[in-house]
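I have placed the structure first, in the form of structure tokens, so that the comments after it can refer back to it.
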Amino acid sequence: MLSYIITNFQLERAKKVDNIIFFDSKNKLKIAQKLNKSINWRDQMEETQGSKTYQIFNAVTHGAGTGLAIAALVLLVIKGAASGSALEVVAFTIYGASLVILFLCSTLAHSLHFTKAVKVFRVFDHNGIFFLIAGTYTPYCLVALNNWLGWIVLAVIWICSILGIVLTSIYLPKWGKTPKLSTVLYVVLGWMILIVIYPLWNALHPVGFWLLVAGGVVYSVGALIYHFKFPFAHVVWHLFVLLAAMLMFFSVYLYVG
């Protein structure tokens, strides 16, 4: 009996290398080395994503975010109530709730990764991104701008976010991955802020404005890093999301209203 078990990836590697018969030995060796490197990288990615340690790190990072988001929600509600404006109470509450929903759904999705419930919470996790995008726009459009342009932009953002939530809810369980249109919507909706960037510059304190911009940049850089799919990339992405959310929270809490 063999002292070890040949894995499916090893068999795949062996078959592909043996099929390279139209090259000289030097080229065959180079191609085989590249193929082995590619498959080893894929092996490492799949092993990492399927490990309990990986999911624990993901759950802990956004578990901490959930605690901070709950504290943020309380502070935002108090801020809105202190203003005496019903509009501010609503805007700040929606924003704070969107933070809690995003981090809580993400935490549960990773905590329940090895259970059947993960299918449901993975949908909630992805939909939480749309809710956070729309929720973050809400105080900037309703309180900081508080004009016809702010209301129009906010309406468009919420309509598109709801569309994204519907698409994700339908296709993620069916395909096992987020629809491409949803991914495009994440990016487009996030940077639609450029439409009102000049009015926001006039409405916000410079520090509040640059905290907002910094948050957007951190989100984008984090998404770019996650796109490379290296081991533990999702954990790094979580940390970038946490940092970006904190930057935008301080922008809203300290400089909006």
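Heads up, the Cβ atoms here are built off N, Cα and C, so glycines get one too.
Small disclaimer: the values here were computed from a predicted structure and weren't measured.
According to TrEMBL, the residue from His110, His126 that belongs to the Zn(2+) site alongside His234, His238 is His110. Apart from His110, His234, His238, the residues listed for Zn(2+), the same chain places the Cβ atoms of Gln55, Phe57, Asn58, Ala59, Thr61, His62, Ser106, Val235, Trp237 within 8 Å of the centroid of those Cβ atoms.
As a quick check, the transmembrane segment (151-172) and the transmembrane segment (235-256) miss the bar of 3 or more Cβ pairs under 8 A, pairs 6 or more apart, so the two do not touch.
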